[in-house]
2 protein chains.
Amino acid sequence: MIMAKKIPVLEIFGPTIQGEGMVIGQKTMFVRTAGCDYSCRWCDSAFTWDGSAKGEIRQMTAEQIWERLCELGGDRFRHVTISGGNPVLIQALEELVSLLKNKGIRVAVETQGSRWQDWLYDVDDVTISPKPPSSGMETDFAMLDRIIDKLVGAGRASHVSLKVVVFDDDDFAYAKMVHKRYPNISFYLQAGNDDTKETDVTALREKLLAKLEWLVEKVAQSNELNDVRVLPQLHALLWGNKRGV
Amino acid sequence: MIMAKKIPVLEIFGPTIQGEGMVIGQKTMFVRTAGCDYSCRWCDSAFTWDGSAKGEIRQMTAEQIWERLCELGGDRFRHVTISGGNPVLIQALEELVSLLKNKGIRVAVETQGSRWQDWLYDVDDVTISPKPPSSGMETDFAMLDRIIDKLVGAGRASHVSLKVVVFDDDDFAYAKMVHKRYPNISFYLQAGNDDTKETDVTALREKLLAKLEWLVEKVAQSNELNDVRVLPQLHALLWGNKRGV
Ligand code: SF4
Ligand code: SF4
């Protein structure tokens, strides 16, 4: 008997809505995997990689994840988002993606674009979110080129988007550079959440919307960012920095 | 010499972002036409049809509208949204849509779905927003069927979405019914803005987000609304009930 491969899972929750990016607002379930090859300064899910939630990680098979999704979501979902951490570290997600597709479920993934897995070909909504200077990380553009070439070459262009989180002017310059490098890939700018520790939701909302307004104004003034979309994180506006919503 | 047809225009503004629906966040210019065949109880642009802004209506040719767009937007736009009122009352928009397409501009339109114009075939993002019971209006479903059949028949399905604004439980039931009638058309639920007179932006934000949370919860609990998207109006969150932003 072949042992099904295990996937390190930190949270499974939903139904809720996708808060950001190319399928913003989409009713979805979330599967959050553990582990990241980055350590962004402002990471809003640092518990996936900084050891603070180590005890919560469960090694699950694709089948077990499906059972848990059905337990929580019943017949009330047709879309699953796999997030992290960086899910693209995990080869074993191949089994989950293929199981979900067989069940008629649409699948979304978000990754920073530092790794490749063949199962990305089967994902309906691939959000690649290279990290701007404020993250403290370095983008491997050779790898990013390779990922985008593979997906575009396989006719998956309409299933891919790029999303850059913007906190400051340097990030904004980085966003312009990324959009210029991949002009034919749907491009999203996202207003950054400076304050992942803020617990007063009203105060956080005001800050996030002020940041969004600033970003909209920057984009409006630029002639290098014309066919782009600018979005907030809806889940942060709705629920603040809470986990599992 | 053939006289170019005139289009009744109330506002031209931008660049800004599209606040709602299928291209939420998209950088765009707005052209708002005057006149509506409906009079929704909670209309957030009643000045387009209630006579209060009558003196601001300008009769413009497509060419004049283009000049004004360029004056405001320079080389900083590739997308124009035509909104109202109900722009689909205006046959002469054919000339504007065709001019914009020739300039390489993507065009979006929003209408309640009470009328047809052949120029809808050429619009990139058609949002059809039939009005729920709280509006006080009656939907002409025979007309809605006809509009959707025409667009789908012409291979334009991916360019069309349905959007229902939801204020209360009756509206929610109506939304489910509309989605069931057109299961293959992208479907958006939008949290209604009860209070188009509220001038305190912080208070309005709290109300709008409470409404969005309520709607997300309703959708999460329903097994008839699985492949749908739930969205707020970003412009109302950002700028409250102000015009021209
Ligand atoms: S790539 Fe994402 S999960 Fe990883 S550290 Fe950065 S923000 Fe956090
Ligand atoms: S259809 Fe739109 S513009 Fe016309 S009255 Fe209703 S909400 Fe207002």
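Cβ atoms are placed via backbone N, Cα and C, with glycine included.
Caution: TrEMBL annotation is automatic and unverified by curators.
Keep in mind that what you see is a predicted model, and the values were worked out from it rather than measured.
The candidate list A:S52, A:S83, A:S98 contains one residue that TrEMBL assigns to the substrate site with A:I17, A:Q18, A:G19, A:R32, namely A:S83. TrEMBL names A:W42, A:C43, A:D44, A:S129, A:P130, A:K131 for binding S-adenosyl-L-methionine. Of A:G74, A:G85, the residue it gives for the same site is A:G85. The C-beta environment of A:G19 (substrate binding site), restricted to residues of the same chain at least 6 apart in sequence and closer than 8 Å, consists of A:Q233, A:L234, A:H235, A:A236, A:L238. Listed binding-site residues: A:I17, A:S45, A:G85. Those with a CB under 8 Å from a CB in chain B, in sequence order: A:I17. On its own chain, A:S83 (substrate binding site) has A:F30, A:V31, A:R32, A:T33, A:S45, A:V109, A:E110 as residues at least 6 apart in sequence with a Cβ closer than 8 Å to its own Cβ. All protein chains considered, the CB of A:C43 ([4Fe-4S] cluster binding site) has 19 other CB atoms within 10 Å.
If you take the C-beta of A:C36 ([4Fe-4S] cluster binding site) and look for same-chain residues 6 or more apart in sequence within under 8 angstroms, you find A:C43, A:T48, A:W49, A:G84, A:G85, A:N86, A:L89.
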